[in-house]
């Protein structure tokens, strides 16, 4: 859940040292390449110059190979009974069989509402939790199967940026200790070189490198998030899991941090798993997006498809719920799909399609058969029996042939359901909804 | 909830068993023979090796330790007959042994001393809650003012004095230097025999010492909890509803602040009930605390054992009660 | 100081009673260890019944402080409040605590961001609603209050209100808690409702439900509403007028359409350019406002925004850093006010800012 920064102590004076670093009044001669990119010199505040530092939405590199391949990942948390003997009486199916790929140097966005399992997914990939099932292939090794000891060298490559910059930094450690700790833990550089490396990293994230011996409370929220980013970058990771990296920050600071992350991605070729509930930020940062609901991916695809041609009723509802600044020109509120009620409990999720209890298109089949995550476009998969564009959802289920069931979801004798439907990446061919045939590029 | 209480009681029994074993073993394997104190006492400090051997035999110290511990436990449940130097003492269940000093069953003396200790504990606790909590609330409402700062620092000063010194000074000044006529004759006088006035007069100074000292601590606890509660969002909500200040402070603020205070109090009060050694000794109150002190000084092993076991039981029950009360006070807490 | 007799959106129509809430030249100062901090300076605005004012700004901009002053929620001993706040014709600056109390929660109510923290964890939802009702209806019985609480819970869309009324706040979901909070705010049918970040902690679909509810209720109760938020999308869909605050001052004030489609103050431009939009062109740049919000302890000289302003080079001399610009009518209409030295803000916005942050709009207007 996000914490709103704007209500934090209204009268709190801005921290010391805040302005010097954040506005970049210092400018060292010998700076890292990126530094020049995203820090705005305060001396000549000029709109054109500042605009140069702002980025347009990130693009997808079509040739990038997958750096992380997640297949059928599951995380069930046991629910214990009360009483004398604490038996396991159920499971919270926080993540239930999700598959996706994160391209090298690219970003996959993971969106969904609280409790959908997106944060759990991030914690699984960084192995803060050990998954119940499935695999996470990274550089030829399955992160899901490694022991904690085997995982240790790989932690260098998989790092995390946390949501709350106020609680994720130890207040008793200096910035230098926080950022340099991974170097010492992994014994990467001689002790003498830790401080120079820390300074270099602070420079990269746009902080004054001379502030390495200050404590986190001397920095503003945005600066603390930069410290968190510097710490994540310390070991030159190949993949960064960013869990709501900007939602605790002030609006004007959010853009600074998003731009910084884009700079870092370009410069270091880091892949991002970008977890956020803010659909607009995700759209800006990620060329590819997966939408989660109650532990499952319901739709995944490239930006254009997900935001302009969503086929899942939940994605459509989610997008229509986002308040739109452009509405000011028209006045009043946009027509939107109203979702009633709350998300059901993940302990006892609905049978079949998990979204059916709140879906206006739900029919008998939705309760009986779980819809597969079916590829319906070049880079578009959707898990819905009635997948279709808004206002054009089909009257009969589109998945019957593949699943070998009739329109009510009962098995058709003799029909053979397709063996395996959900793979992490995309196939060359897909099921075309209009022709009901397999199509290809 | 019921299952929780049962579970806690089972673990409580386990702890008591372990405590009883630990105490038993400590004396058994102590630096001198456990029969030494009684031998010294019975022979007026002319205990020879031969005599000691006799005492050891009658007390069963020549048997294996587990056998004697078994007898001890059995005594608690069904009672036993103890032999000390050729005299037999009938010790009914629950048998906690026979005092070396008085030759009386320890249990009976323990029961007879409970009213004194409980009187001290209840009166003292009543006083410090009565003053500590409201003063704490008042200080929290005026936090940052001169009055608040003066109060907090003076109370901090008092509570940094060791309690035994504080109690001793109270006694010295109020009975010797400036004796208060009716209250100077301190001690425990049972209501049944001496009437309530005498009882009150004898305990009053002990209550005052305990009350003032506890008050300084509870003022600080309450103030801290209250300052935190008053800064919560729901206090702002209560104000925005248009509630009168009294309702905001007491119904919304104090209600929340009481939870940590009650938790501390439960454990504190348990400790008091197990015997207030300094208070009882200084104000000459024949309670469990004083008794245990005398037992240690007189090497009266059965009594030391019994008082230690008693305080373990009292504290375990107090802990359990605190947890149950906590779940009643805070609906978010589910006992499981 | 320009005083505003009516709200920008109702500039044409004239309500004989005038706006329900009228704030004039409000100043709020708190003593701190480092000296006095003026959190709100020279703030004037008004909201008529049935109208919604959106207040936008960052941490420390004074948007919450000013609304809490309207509710009289600041500690009278420490906060120094001057200026004028008139609620339904009653001047409340300097009003006695007992008179103030009879207004609070009765003719004006406030709902807060984090409903879990704002509801008392130890009392049942129903009891908290009943308390709000009873304190302003001394003749009502407990039974009446309970009936009213259930009725309000039902009205805000809580299923099985007669059963849920006996739940504790932690047993409600986030959205339901915010509904209960709204029910509590509206239980005495207030004419002024202040919603301080009412949906910030909520998921988008729940946010949409809550915003729908607020709008329905406003229509039903015809109350004046203030929404404090940092989300310009919420403002666009909910507010009639917008007040942009920076470092305790109003920097731009006008109708929602004026502020969000033809803003004339670089800070407002900065806000618009630093949030991506779900429907905007992907060629739109995300342009942050450089630096951090200023310290209120040592506010910048001249225009408070000048240290972060990327357009001050278009103003002659060092006017921006020496002289505080006045809040003057903008070019798009007299009811649109802005605090900026720029001579031709419309031109700068159209030719420089818009092409970067919304290239598709430039195409359209050509």
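Glycine residues also receive a Cβ, built from the backbone N, Cα and C atoms like all the rest.
The model shown is predicted, which means the values in this text are computed figures rather than measured ones.
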Annotated transmembrane segment segment (source TrEMBL; candidates B:47-72, B:73-98, B:151-176): B:151-176
Of B:233-255, B:256-278, the range TrEMBL labels transmembrane segment: B:256-278
Range from B:9-29, B:116-139, B:196-216 with the greatest count of C-beta pairs under 8 A to the transmembrane segment (B:308-329): B:9-29
Same-chain residues at least 6 beyond the ends of the transmembrane segment (B:9-29) whose Cβ lies under 8 Å from its Cβ atoms: 61, 65, 68-69, 72-73, 301, 304-305, 308-309, 312-313, 316-317, 320
Spatial neighbours of the transmembrane segment (B:256-278) far in sequence, C-beta under 8 Å, 6+ residues away: 117-118, 120-121, 124-125, 129, 133, 137, 140, 163-164, 167, 210, 214, 218, 221-222, 225-226, 228-229, 232, 234, 287-293, 307, 310-311, 314-315, 317-319, 321-322, 325-326, 329-330
